[in-house]
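K.L.:
Sharing a structure, written as structure tokens. Questions coming.
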């Protein structure tokens with residue numbers, strides 16, 4: 001799988017243009033704030049249906065305009081696939097695959113497989129549990145077909161349960177709560193099991209990568225909501241989650257929120273026996289984040305039997321020569337997009353200069 005060409009119109013600061021890419025390593029260079037990251041963002045948008053920077057869809061429109069449109073031609077097994085994403089202010093976004101409009105962003109997942117590496121990856125390690133849950137959910141959604149559906153159903157039931165908790169406090173009967181609990185357990189257990197299985201694979205990869213890069217040990221600790229060391233048996237997880245919800249009802253009623261479930265979970269990356277978020281140096285944390293992203297790439301490649309497209313947004317300047325060489329070696333043979341302020345010291349198959357939103361192929 002690789003991106004043959006990209007067409008952008010009114011996307012961020014990028015000028016209206018069509019760009020053709022190489023199958024191998026594509027280097028995009030230029031001064032800061034010229035549009036390098038925006039180019040990668042447009043490709044990632046066609047892959048995941050949202051900005052990797054956390055921007056709202058309306059913020060992707062060029063200043064002074066009222067719409068944007070992005071289109072890519074993807075080559076997959078010698079067949080071309082067209083993916084389009086359009087959005088006009090105050091209207092619904094329109095996403096098409098081969099000319100057919102899709103109903104939801106979830107249908108887009110898997111059409112263009114990408115892995116994004118950026119300096120913000122460090123936040124997965126350094127920030128709070130919500131960052132790690134969001135990252136985990138994003139990764140699993142691409143390789144597990146039903147994960148996003150289960151997550152959406154769980155969140156909808158959770159929201160209704162929390163509303164009910166407030167109503168019970170105001171005098172409504174508790175009897176309906178059991179119905180919500182049964183539904184919450186049904187979807188929650190599936191989420192927990194899929195997270196457990198995914199993190200097992202992450203641990204295998206991270207152990208290998210960290211040992212090869214810096215000769216350090218690593219493990220993943222999944223802080224699941226049911227208190228199990230191994231939460232891979234769905235029936236056991238269901239039973240434990242149901243027990244936890246019942247036991248916690250008084251606390252839930254006190255705070256009007258559900259205190260137990262996948263929405264409160266976390267995972268730790270342990271380096272040399274210590275929690276990397278708390279005790280590791282920034283250099284170690286950056287290496288841990290790099291290994292996490294390399295693991296995402298390996299799992300995606302294995303589970304889909306496809307070649308993901310790699311997007312490296314200004315990460316080369318963050319890596320020393322040893323880590324830079326290691327990353328490029330692992331990504332050899334895959335279409336890769338690299339942004340940097342200079343093309344020096346970077347070996348690519350195609351070079352593009354970006355200035356004021358104009359992409360010029362050399």
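Each residue, glycine too, has its Cβ placed from N, Cα and C.
Quick paste from Swiss-Prot:
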- 30, 31, 32, 33, 34, 35, 36, 37: ATP binding site (BINDING)
K.L.:
Provide the number of Cβ atoms within 10 Å of the Cβ of residue 30 (ATP binding site), excluding the reference atom itself.
P.N.:
21
K.L.:
Tell me the Cβ contacts of residue 36 (ATP binding site) under 8 Å, same chain only and six or more apart in sequence, or just say none.
P.N.:
28, 29, 30, 313, 314, 339, 340, 354
K.L.:
In the same chain, outside 30, 31, 32, 33, 34, 35, 36, 37, whose C-beta lies within 8 angstroms of the Cβ mean position for the ATP site?
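P.N.:
Checked against the 8 Å cutoff, the neighbours are 339, 354.
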K.L.:
Among 32, 37, the binding-site residues in question, whose Cβ has the most other Cβ atoms within 10 Å in this structure?
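P.N.:
Buried the deepest by this measure is 37.
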K.L.:
Would you mind listing, in sequence order, the residues at least six apart from residue 33 (ATP binding site) in the same chain with a Cβ closer than 8 Å to its Cβ?
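P.N.:
Expected: 13.
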K.L.:
What same-chain residues, at least 6 away in sequence, bring their CB to under 8 Å of the CB of residue 35 (ATP binding site)?
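P.N.:
Residue 35 (ATP binding site) has long-range Cβ partners 12, 13, 14, 354, 356, 357, 358, 359.
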K.L.:
Inside 10 Å of the Cβ of residue 31 (ATP binding site), count up the other Cβ atoms and send me the figure.
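P.N.:
Neighbour count, Cβ to Cβ under the 10 Å cut-off: 11.
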K.L.:
Can you check what DSSP calls residue 31 (ATP binding site), collapsed to helix, strand or coil?
P.N.:
coil
